[in-house]
Amino acid sequence: MKQTTKRAYNFNAGPSALPLEVLQKAQEELVDYNNTGMSIMEMSHRSKDYETVHNEALSRLKTLYAIPDNYEVLFLQGGASLQFTMVPMNFLSEGKKASYVMTGSWSEKAFKEAKLFGQAVEAASTKENKYRNIPTLNEIQFDENDAYVHITSNNTIYGTQWKEFPETGEVPLIADMSSDILSKEVDVSKFGIIYAGAQKNLGPSGVTVVIIRKDLLEKANTTIPTILKYTTHADNNSLYNTPPTFGIYMLGEVLKWVEAQGGLKAIEKNNDEKAKVIYDVIDQSNGFYKGHATLESRSLMNITFRVTDEELEKQFLAEAKEAGFIGLNGHRSVGGCRASAYNAVPFETCQALADFMVEFQNKHS
Ligand SMILES: *Cc1c(COP(=O)(O)O)cnc(C)c1O
């Protein structure tokens, strides 16, 4: 019955595919959660049942991501975009500057918000190279008394990803990990703050995860609105106001699914294999397909490429759509093609795209 559910070849960039098992479990529990006669959506966020869901999601994330005890995990709203604002509001104090590594459109948006609050400068930029690469670590410039250094760990639009992270010493390193959080093991202790909107790897849109080192909370600006202070949410276990309860429930279920896959090592291995089948087709196409990112900076999450003949590219996208592939158009700001192979996209879906690409090339060259 359930196994025959028809699933699209979903390469959407976000919101994106969720694990089928998670959707089915949510469906089973949707109307009557844990024999309460209510949906989880209909419950008080102060109820015992919801509280368990909330706290289990928090502790599962801490365990899975090996988050050290001197970090707080917060479930907020407003997406990564609100974090672009909250980070400088809380931490870009007068007389300090923040350094931003520019690796794509999301870095630009984050940078723009910081400049509204104080002094923000570019620590490095690969814009001149059309954001095809991540800068090398020694190209990144910052000062020892900077408020923080900000990076975008995976560039969803350009399809690049950091493979190693800069050592920033006493300066907090802040990362927008919206599109690769939980896709591989990460040494959280290198970061002052990690933030991510949930809708790529963690669950449905509506929840934003923030992982923040506790000592930073003490240093945060206190003269900003209550709801925008990290301390407000930390002091209230992310229950200061009504949280997105259904989204947090879904996040908890996604985390259980990640555990069942074998944890982050297994997830990473799977992501490697998924990206490889598609990159291999690009690399073996004799230039019929061309990747946007340089080899060293390629993202395992967002595979960006062109069909080198522009007319054929239109046809490729049209035929792919016809064949049931969803979400392959590149971001409206850059065009081309993009396959987003987030955690929940099965290997078989990537293999199907690789086969389709080979077939398309054989037909047209
Ligand atoms: C999707 C995305 C965002 C925007 O997230 P919202 O939740 O829509 O605000 C920001 N940064 C990165 C890297 C993204 O992939």
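Keep in mind that glycine also has a Cβ here, set from the backbone N, Cα and C atoms.
What TrEMBL lists as domain 'Aminotransferase class V' is 9-352.
As annotated by TrEMBL, L-glutamate binding site applies to ARG46. DSSP gives ARG46 (L-glutamate binding site) a coil state; it is part of no helix or strand. Other Cβ atoms within 10 Å of the Cβ of ARG46 (L-glutamate binding site), summed over all protein chains shown, number 9.
Per TrEMBL, the feature pyridoxal 5'-phosphate binding site maps to ALA80, SER81, TRP106, THR156, ASP176, GLN199, ASN241, THR242. Under the three-state DSSP scheme, ALA80 (pyridoxal 5'-phosphate binding site) falls in the helix class. Listed in sequence order, TRP106, ASP176, SER178, TYR195, ALA196, GLY197, THR208 are the same-chain residues six or more apart from ALA80 (pyridoxal 5'-phosphate binding site) with CB atoms under 8 A from its CB.
Summarising the annotation, TrEMBL assigns N6-(pyridoxal phosphate)lysine to LYS200. Following the DSSP three-state reduction, the secondary structure of LYS200 (N6-(pyridoxal phosphate)lysine) is coil. Sequence-distant contacts of LYS200 (N6-(pyridoxal phosphate)lysine), defined by Cβ-Cβ distance under 8 angstroms and a gap of at least six in the same chain, are ALA13, GLY14, PRO15, SER16, THR156, SER178, SER179, ASP180, ILE181, MET301, SER340, TYR342.
Residues listed for pyridoxal 5'-phosphate, ALA80, SER81, TRP106, THR156, ASP176, GLN199, ASN241, THR242, cover a largest CA to CA span of 30 Å. Each of the binding-site residues THR156, ASP176, GLN199, THR242 was assessed for Cβ neighbours inside 10 Å, and the highest tally belongs to ASP176. If you take the CA of ARG46 (L-glutamate binding site) and look 10 A around it, the binding-site residues you hit from SER81, GLN199, THR242 are THR242.
Ligand 1 lies under 6 Å from the Cβ of SER81, TRP106, ASP176, out of the binding-site residues SER81, TRP106, ASP176, ASN241.
All protein chains considered, the CB of ASN241 (pyridoxal 5'-phosphate binding site) has 12 other CB atoms within 10 Å.
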